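Before I ask anything, here is the structure I am working with.
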Amino acid sequence: MSMAATETLNRTDIAKAPQVRLAAQPEKPSLIGLLREDMAKLLVEKGVPERQVKMRVSQVWHWLYVRGVSDFNEMSNVSKDMREMLSAHFTIARPEIVEEQVSGDGTRKWLLRFPPRGAGRPVEIETVYIPEEGRGTLCISSQVGCTLTCSFCHTGTQKLVRNLTAEEILAQLLLARDRLGDFPDRDTPQGAIVPAEGRKITNVVMMGMGEPLYNFENVKTALLIASDGDGLSLSKRRITLSTSGIVPEIYRTGEEIGVMLAISLHAVRDDLRDMLVPINKKYPLKELMEACRAYPGLSNARRITFEYVMLKDVNDSLEDAKELVKLLKGIPAKINLIPFNPWPGTNYQCSDWEQIEKFADFINQAGYASPIRTPRGRDILAACGQLKSDSERMRKVDRLAFEAMMIANHGED
């Protein structure tokens, strides 16, 4: 896919989109990302009578998560005095869109900017929308940067700056629904590739920047709100949390959140996984597999997804495939084989396609679904393992080298 296939929307283009209020006063606490009981406490503190607070919370909740408003003045069934009080003390603003890119395959990537909140300067993260036939998946970030330093992952080369708040995690979903026309009274961008019917965002995956389970409480709150039946109403079976293997929090995820689980596996031996996914030194494969087997509600209809990036001459032999089948014995599982997505400066290469197919065939014959993930958004660095904030990338990456690499990969997808 050539660089010409990529469309970058600048600030002028963004201004033409449905207008949402930006965070001009970040010092105000946001009502987004609060559980009902926490929102109720704040409203009572600001003078809302106890006898009214349940009704007021329900009203605000509906406007935030069903109607998708970003301005208190749009809450038409809330009294003027109440709206003025809310505006004076709180915000429901969206993050700033620094840049929006649209890949030739319809994948969209947003670079979003949030307030510093202890980081010393505003921070930026990336959120990616992947349209497919009959579904649209939003890939959400949980941290600014990452601590895990997985050797094949571009995000891992950006040091952790801070965790995202529950508000900032949810804001990615709210903003994407704004931009895609997935709220009432919002228009879908002309020419956008989205599902023909129903919701534009049908699935959410916590597979963006960061390790979600190192930000457990904020991720938990955000996902419980996203799956609330009176709001955004995403089924927990359509929310997938991907982890590199933080074993104690895997148990907590099953008990306290209950969404689908994905494991960034990538190797079947501890020595190799120690190198590819260094958290394995703390939580080795035996402990990780025990946590997976104990995950609540597992069945053939509710499987754990194991992600396995295909690295040439590293982890792609048939012997690796045999060991993978042994490792997953007794776990209802699907194995996503991911052709390695190149990024500037990496020493890894993608496995040959013929080898990937042989690997997949062996796993299929052993009884496991093993789809080969179609690379999406490579031309805008939106594919798996490529996310990294633009401000960080531009300081370290030679743009000409990147463009030369992408031209060399033309036609691969």
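Backbone N, Cα and C define each Cβ position, glycine as well.
Model, not experiment: these values are computed from the prediction.
The active site, proton acceptor annotation in Swiss-Prot covers Glu126. As annotated by Swiss-Prot, active site, S-methylcysteine intermediate applies to Cys384. According to Swiss-Prot, the [4Fe-4S] cluster binding site annotation covers Cys146, Cys150, Cys153. The S-adenosyl-L-methionine binding site annotation in Swiss-Prot covers Gly210, Glu211, Ser242, Ser264, Leu265, His266, Asn341. Residues or ranges marked as disulfide bond by Swiss-Prot on the basis of sequence analysis: Cys139-Cys384. Annotation comment: Swiss-Prot describes 132-381 as domain 'Radical SAM core'.
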Which secondary structure state does DSSP assign to Gly210 (S-adenosyl-L-methionine binding site), in the simple three-class scheme?
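DSSP call for Gly210 (S-adenosyl-L-methionine binding site): coil, neither helix nor strand.
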Through the lens of DSSP with three states only, how would you label Ser264 (S-adenosyl-L-methionine binding site)?
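Note: Ser264 (S-adenosyl-L-methionine binding site) is in a strand by DSSP.
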Would you measure the largest Cα separation among Gly210, Glu211, Ser242, Ser264, Leu265, His266, Asn341 for the S-adenosyl-L-methionine site and round it to whole Å?
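Looking at Gly210, Glu211, Ser242, Ser264, Leu265, His266, Asn341 as a set, their Cα atoms extend up to 19 Å apart.
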Closest to Cys139 (disulfide bond): which of the recorded positions Glu126, Cys146, Gly210, Ser264, His266, going by Cα position?
Glu126
Near the Cβ of Cys146 ([4Fe-4S] cluster binding site), how many other Cβ atoms are there if near means within 10 Å?
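Step by step: centre on the Cβ of Cys146 ([4Fe-4S] cluster binding site), count other Cβ atoms within 10 Å, giving 26.
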To the nearest whole angstrom, what is the C-alpha distance linking Gly210 (S-adenosyl-L-methionine binding site) and Cys146 ([4Fe-4S] cluster binding site)?
4
